[in-house]
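Chemist: The ATP binding site annotation in Swiss-Prot covers 30-37, 149-152, Ala178, 186-189. Look at Swiss-Prot and you will find His37 tagged as active site, proton donor, backed by sequence analysis. What Swiss-Prot lists as (R)-pantoate binding site is Gln61, Gln155, and the listing cites sequence analysis. Positions annotated as beta-alanine binding site by Swiss-Prot: Gln61.
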Amino acid sequence: MKTFHTVAELRTALKIERLKDKKIVFVPTMGNLHDGHMSLIRKAKEEGDIIVSSIFVNPMQFSDQSDLERYPKTLEEDKRVLEANGCNYLFAPDALEMYPDGKRSQTQIEVVGISDILCGASRPGHFVGVSTVVTKLFNIVQPDTAIFGNKDFQQLKVIQDMVRDLSSNVRIIGVDTARNEDGLAMSSRNGYLTEEERRIAPTIYQTLLWAKEALLENRASHEDICEQAQQKLEAAGFRRDYFEIRAQENLQTPSEEEKRLVILTAAYLGKARLIDNLRVEL
């Protein structure tokens, strides 16, 4: 695996691969890699010839400077893991390479109607940062296909809508959430949990399963299911952010006729903000 830190070097290497008619698949990350990321790499290997990953902790998507500063940075270990799993190229730029004039002078991309709800409501500007950096990375890598996890379902929808709205020819593939044996979704933020919090954390997945069953059995209104779910999480020790039932297609409040739903939640446990979701087909 070759590692590049500048746009020019990566573009030169990938130009050679394209001249060989190789299909390029891209897996963007923020590092601190775990088995969930490796499931994306495995999917990428099924979809093309050349696997490119990136590691960049994007300051534009952090409204809390302290959260940015404490985000785990494990580049050398990440490089070993990526190489062992068949990644061909790693792009690991610094903030100056990505935002040479500073992030405040950076042109911004906002996907309207979906960026300021759910996680976007509690993290203002987050998805503008995501959309902007992913657009830049797509322009740098110019992949045929890009792979994202379904764990951050809203992020996936933002990127899908962005690609559609900007007439990009990158194919977006979502991969099912990778989970620990107890159901907790794999996440770099799980490392913020204490031993006791880690024991409690799977409650978030168990509550999603309960809500899915309640939906399928039509036990109560969406509002009542969400409120009961919030109470279950709070009883276990979580602090609420949101627990919502939305339409898969656009993440808006679903009509009574909507059959393809997604249950999404974000909740705080100690210093960690955990997110998860489950799709439901009625």
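Positions of Cβ are set from backbone N, Cα and C atoms, glycine also.
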Chemist: Let me spell it out: for each of the binding-site residues (Met30, Leu33, Ala178), count the other Cβ atoms within 10 Å of that residue's Cβ, using every protein chain shown. Which one has the most?
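Modeler: Result for the most crowded candidate: Leu33.
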Chemist: I need the CA-to-CA distance for Asn150 (ATP binding site) versus His37 (active site, proton donor), whole Å please.
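Modeler: Between the Cα atoms of Asn150 (ATP binding site) and His37 (active site, proton donor), the distance comes to 11 Å.
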Chemist: In sequence order, which same-chain residues at least six apart have a C-beta under 8 angstroms from Gln61 ((R)-pantoate binding site)?
Modeler: Gly125, His126, Phe127, Val128, Gly129, Val130, Val133
Chemist: Write out the long-range same-chain contacts of His37 (active site, proton donor), meaning residues 6 or more apart in sequence whose Cβ is under 8 Å from its Cβ.
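Modeler: For His37 (active site, proton donor), the qualifying residues are Val27, Thr29.
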